[in-house]
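Trainee: This structure is in C-alpha cells; I'll ask about it shortly.
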Amino acid sequence: MSLFRSKMFKTKMTIFCFFLTALILMVPTSSTATDNPTYSASTDTFIYANCSQARFSPGSAYETNLKSLLSSLVNSTVLNRYNNLTVPFGSGVKPEPDVTVYGLFQCSVDLDPTSCSSCVSRAIALVGNTCPNSYSVFLQMQNCLVRYDKSSFFGVQDKTVMLKTCGQPMGFYDQDALTRVNDVIGSLGSGSEPDRTRVNGDVRGMAQCTEDLSPAQCQDCLTDAIGRLRSDCLMAQGGYVYLSKCYARFSFGGSHARQTPNSNFGPAYHGDKRCDRPGPKLVSSRGEKYDKDDDDNNIGKTLVIIIGIITLVILLVVLLAFLGKKLRKLQDDKCCR
C-alpha cells in the first residue's frame with residue numbers, strides 16, 4: 001500500500017509541475033515591451049521623415065522662399081492648427097519651377113495653440129539636420145506634421161504607406177482585450193470628421209487626415225489606413241499605420257494626447273548621410289530606413305506563437321493519455337493485491 005501511495009504522489013507531482021510550467025509559458029508579455037506602441041510624456045516625439053534626393057543650392061531663391069514659408073507656418077500656429085501656404089504668394093504671382101515653395105503644417109485636434117506651436121517649431125528645427133537642402137520634405141512628429149515641396153500637393157490624394165508597425169502579439173486567451181481593440185478600430189472608420197479619437201476601456205485609438213483633402217478623399221484615405229491597421233495589427237497590443245495623407249493608430253493605457261507609436265523609438269533622427277542615396281529617403285526616429293520586411297517579421301512572430309500553443313496542446317494531450325494509462329495500471333495492481 002505504501003508503494004502505491006508513493007507512486008500516486010509522484011504521479012500527482014508530475015501533473016502539478018507540468019501544469020505549472022504550462023501556466024508560466026502562457027503568461028502574456030507585458031504591454032510595456034520595448035517594441036510596443038505605448039504612451040510618452042512628450043507631444044514633440046519624432047516619428048519619421050521623408051526626404052527627396054533632389055537638392056537646392058544654398059543661397060538660391062528656393063532657399064529664401066523656404067525660410068519665409070517655414071517662418072510663416074510657425075507664426076500661423078497661434079490661430080490655426082492647420083494651414084497651407086505658397087511662397088511667393090499673391091494674386092499676380094505665377095509659380096516658377098524650383099523657386100515656388102508649397103507647404104503646410106497640421107496639429108492633432110487635442111493640442112492647444114501653445115503645444116501646437118511647440119510641436120511645429122520642433123519639427124521645423126529638425127528639417128535642416130534630417131533633410132539638408134532637400135526640395136521635398138515630409139516630417140511627422142507625435143502630434144503634428146510639417147511638409148513642403150517644390151510642386152503643389154494640396155488636395156491631391158496619396159495613400160502611399162510611409163510607416164507601419166505592430167506591437168507585441170496579444171495572448172489568444174485575452175478575448176476581452178481583443179474585443180476592445182476590434183471595437184476601437186471599427187469605430188475609427190465611422191464618422192465624417194478628419195480627426196477621430198475613440199476609447200474603449202484602456203484601448204485608445206486615433207485617426208487623422210490632412211485637411212487639404214476633401215471629405216470624400218479623407219474618408220477614402222482613412223478607410224485604407226484603418227483597414228491596414230485591422231488586418232495587420234488586430235492581434236497586437238498596439239499599432240500604427242501612416243499613409244502620406246492620413247494615419248490610424250491605437251494602443252493600451254495612458255492619456256491619448258500622450259500616445260507615441262513605439263517606446264523603442266529613441267531621440268530625434270539627426271543628419272544621416274544616407275540622405276545622399278538615390279531616391280527618397282524615409283527614416284524613423286531610430287534613424288532606420290523603413291523596410292516592409294518588418295511586416296513579415298510581425299507575421300512570423302504571430303505564427304511562432306500559434307505553433308507554440310498547438311505544440312503545447314498536443315504535448316498536454318499525450319501526457320494526459322500517458323498518465324491516465326499509468327493510473328489505470330496502478331489501480332489494477334492495487335485490485336490484484
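The backbone N, Cα and C atoms fix where each Cβ goes, and this holds for glycine too.
Automatic, uncurated: that is what TrEMBL annotation is.
Pulled the feature table from TrEMBL, pasting it below:
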| type | residues | note |
| --- | --- | --- |
| COMPBIAS | 270-279 | compositional bias 'Basic and acidic residues' |
| DOMAIN | 44-153 | domain 'Gnk2-homologous' |
| DOMAIN | 155-255 | domain 'Gnk2-homologous' |
| REGION | 263-291 | region 'Disordered' |
| TRANSMEM | 303-324 | transmembrane segment |
Trainee: Across the domain 'Gnk2-homologous' (44-153), what are the DSSP residue counts per state (helix, strand, coil)?
Mentor: 34 helix, 32 strand, 44 coil
Trainee: Find the average pLDDT over the domain 'Gnk2-homologous' (155-255) in the predicted model and report it.
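Mentor: Overall, the domain 'Gnk2-homologous' (155-255) comes to a mean pLDDT of 90.
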